[in-house]
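One structure is given here, and the rest of the page talks about it.
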Amino acid sequence: MLRGDSAAKIQERYAELQKRKSHPTSCISTAFTNVAALCRKRYQMMHPELGLAHSCNEAFLPLMAFCGRHRDYNSPEESQRELLFHERLKSALDELTFRPCSEEQRASYQKLDALTELYRDPQFQQINNFMTDFKKWLDGGFSTAVEGDAKAIRLEPFQKNLLIHVIFFIAVTKIPVLANRVLQYLIHAFQIDFLSQTSIDIFKQKATVFLVPRRHGKTWFIIPIISFLLKHMIGISIGYVAHQKHVSQFVLKEVEFRCRHTFARDYVVENKDNVISIDHRGAKSTALFASCYNTNSIRGQNFHLLLVDEAHFIKKEAFNTILGFLAQNTTKIIFISSTNTTSDATCFLTRLNNAPFDMLNVVSYVCEEHLHSFTEKGDATACPCYRLHKPTFISLNSQVRKTANMFMPGAFMDEIIGGTNKISQNTVLITDQSREEFDILRYSTLNTNAYDYFGKTLYVYLDPAFTTNRKASGTGVAAVGAYRHQFLIYGLEHFFLRDLSESSEVAIAECAAHMIISVLSLHPYLDELRIAVEGNTNQAAAVRIACLIRQSVQSSTLIRVLFYHTPDQNHIEQPFYLMGRDKALAVEQFISRFNSGYIKASQELVSYTIKLSHDPIEYLLEQIQNLHRVTLAEGTTARYSAKRQNRISDDLIIAVIMATYLCDDIHAIRFRVS
């Protein structure tokens with residue numbers, strides 16, 4: 001619209017004004033045509049169509065003619081002019097008839113309106129805006145906020161879990177009527193395939209605990225959560241408590257820096273007395289930062305979210321103040337901490353592992369199932385199952401483990417690996433569900449319709465004890481067979497010698513033979529007998545017991561009898577079994593099978609020494625319940641034991657474990673005719 005000379009001069013003048021610091025950066029509006037607003041008033045004109053413009057535009061005749069031709073003078077004649085319709089259009093419009101809305105359609109519209117009600121709720125809009133901005137931050141959308149934010153971020157599972165805890169609790173407290181609808185939205189937003197009711201109840205809890213190894217971004221992740229909550233949640237009150245003042249001050253400055261550089265243009269950000277507040281015109285969102293040495297600052301507050309960083313190292317006096325917020329129904333307390341398992345004072349939150357409701361989330365490089373085997377291998381740095389994720393910025397190798405333990409013995413397991421050491425040491429090996437299933441579900445082995453599915457071989461393990469001390473040890477005998485992929489217990493005996501005057505070998509052999517003959521007579525489909533007599537205590541006595549059992553059994557039945565043979569010191573195969581390092585392997589295999597439901601008992605179980613006073617299965621379950629693992633020191637082989645103080649011995653459970661262990665085909669070659 002301007003001539004070449006005028007346009008050049010205006011552009012030059014505009015460039016000069018842009019360089020001045022006193023002049024605002026945005027001097028040309030995109031909403032209004034004020035391109036000549038900076039020229040002198042003598043050269044300005046006000047035009048109906050052009051607005052404030054340079055007076056030179058009046059000399060541009062085509063522009064003036066165009067404006068005059070299409071000018072709206074707001075004349076009454078134009079507004080009152082009668083509109084003319086074509087006759088065919090008028091007749092077609094007259095023939096149109098409208099049907100009344102059906103009840104089904106009206107109901108569907110009401111349902112649709114109810115479904116979309118959530119998305120029109122102002123509280124939901126705040127949650128949705130928070131999720132949108134957080135997703136933008138993860139994708140690197142805030143490149144101007146903080147150095148490094150331009151890179152895409154991938155959250156660890158515990159960080160995503162922490163974020164869900166925060167958002168879901170806020171959604172439940174702010175929109176209680178639409179809580180279930182918000183849940184569906186969160187499942188979609190976080191791309192969760194399935195969420196059980198138990199998990200939903202966990203998210204609704206007023207307190208949750210995260211135990212995470214060091215250097216995993218616990219404090220780093222809290223900063224954006226607080227920042228975006230302040231921006232989008234109107235009227236929210238957040239509390240942050242750290243174990244040291246310099247940590248709380250660091251988080252305070254980082255949150256303030258992020259708020260001022262991200263959205264200070266839209267909101268007023270204020271930092272006063274360790275409180276960051278954002279004015280939303282209608283209400284203020286605040287975040288208070290304190291240390292455990294000044295817990296009086298959090299008294300009297302009305303927090304919606306209270307974050308306790310490094311909770312294991314918070315002073316116990318301050319913990320009482322923090323736990324007082326549990327009485328407020330709109331407060332969520334999140335404890336986040338690393339652990340040092342050398343001291344109970346720095347891992348006391350692990351006691352929550354036995355809580356009736358799940359509130360403890362433990363992150364470790366090693367799962368609880370393989371923690372002990374990991375401890376035994378001095379150079380291991382990864383879990384054998386490789387199920388756990390290790391971030392790329394974490395470097396763990398055998399040299400790191402050796403170096404840490406050189407500075408302080410056990411430092412690698414106590415300080416670096418994670419917070420499961422104290423939990424796993426007291427973990428029961430046999431689950432309650434498997435014990436109840438073993439006690440209730442017993443197969444009937446006399447059912448003729450099931451004969452074809454039962455194994456034809458009976459395995460018997462005998463652990464002799466040559467003492468009369470009932471508290472020390474007794475003779476354990478177990479008879480086990482197969483049923484498809486499961487193992488059936490046919491007979492159990494726990495025999496104690498009356499006195500040392502009688503022949504111990506004869507008494508033990510008679511007890512075992514009596515049970516074996518009874519089992520064989522009840523189950524005619526058994527056509528082979530495999531016996532293993534333990535010879536660790538006395539090999540000569542074990543050989544004699546084997547011979548006596550063979551004579552007693554073969555005198556009553558024509559079944560084929562095989563014994564487990566082991567070379568003696570003269571390299572002669574003898575009918576006894578020497579238990580060695582394979583005991584630990586047998587116990588671990590039994591635990592796996594028992595917890596998986598592969599160990600079952602027969603309804604017609606034979607027992608002459610137990611059945612008089614106890615149910616043999618309940619008697620066996622008492623010993624199974626006592627089964628525990630004993631680790632002497634790091635790098636040493638662990639042992640298993642079922643002995644507890646003032647409780648019965650573990651002879652019977654050892655016999656059952658070894659009988660099921662020897663059922664494997666890999667041991668078949670060791671069974672021979674004696």
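Numbering starts at 1 and runs along the chain as displayed.
Just so you know, glycine gets a Cβ as well, placed from its N, Cα and C.
The feature motif 'Walker A motif' is assigned by Swiss-Prot to 212-219, with sequence analysis given as support. Residues or ranges marked as motif 'Walker B motif' by Swiss-Prot: 305-310. Per Swiss-Prot, active site, for ATPase activity is recorded for GLU310, and the stated evidence type is sequence analysis. Sequence annotations record features per position, and here Swiss-Prot assigns active site, for nuclease activity to ASP463, GLU534, ASP651.
On the structure: features taken from Swiss-Prot.
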residue	record	DSSP (3 states)
GLU310	active site, for ATPase activity	coil
ASP463	active site, for nuclease activity	strand
GLU534	active site, for nuclease activity	strand
ASP651	active site, for nuclease activity	helix
Limited to the motif 'Walker A motif' (212-219), I'd like the whole-number average of pLDDT.
83
CA-CA, which of the active-site residues GLU310, ASP463, ASP651 lies nearest GLU534 (active site, for nuclease activity)?
ASP463
Let me know how many other Cβ atoms fall within 10 Å of the Cβ of the residue listed as 'active site, for ATPase activity'.
19
Run through the Cβ atoms and count how many others sit within 10 Å of the one on ASP651 (active site, for nuclease activity).
24
Could you state the CA-to-CA distance between ASP463 (active site, for nuclease activity) and GLU310 (active site, for ATPase activity) to the nearest Å?
52
Cβ contacts within 10 Å for ASP463 (active site, for nuclease activity), all chains included, total 26
Measure the Cβ-based neighbour count of GLU534 (active site, for nuclease activity), defined as the other Cβ atoms within 10 Å of its Cβ.
24
In DSSP terms, the motif 'Walker A motif' (212-219) comprises 2 helix, 0 strand, 6 coil
Could you tell me the C-alpha distance between ASP651 (active site, for nuclease activity) and the residue listed as 'active site, for ATPase activity' in angstrom, no decimals?
47
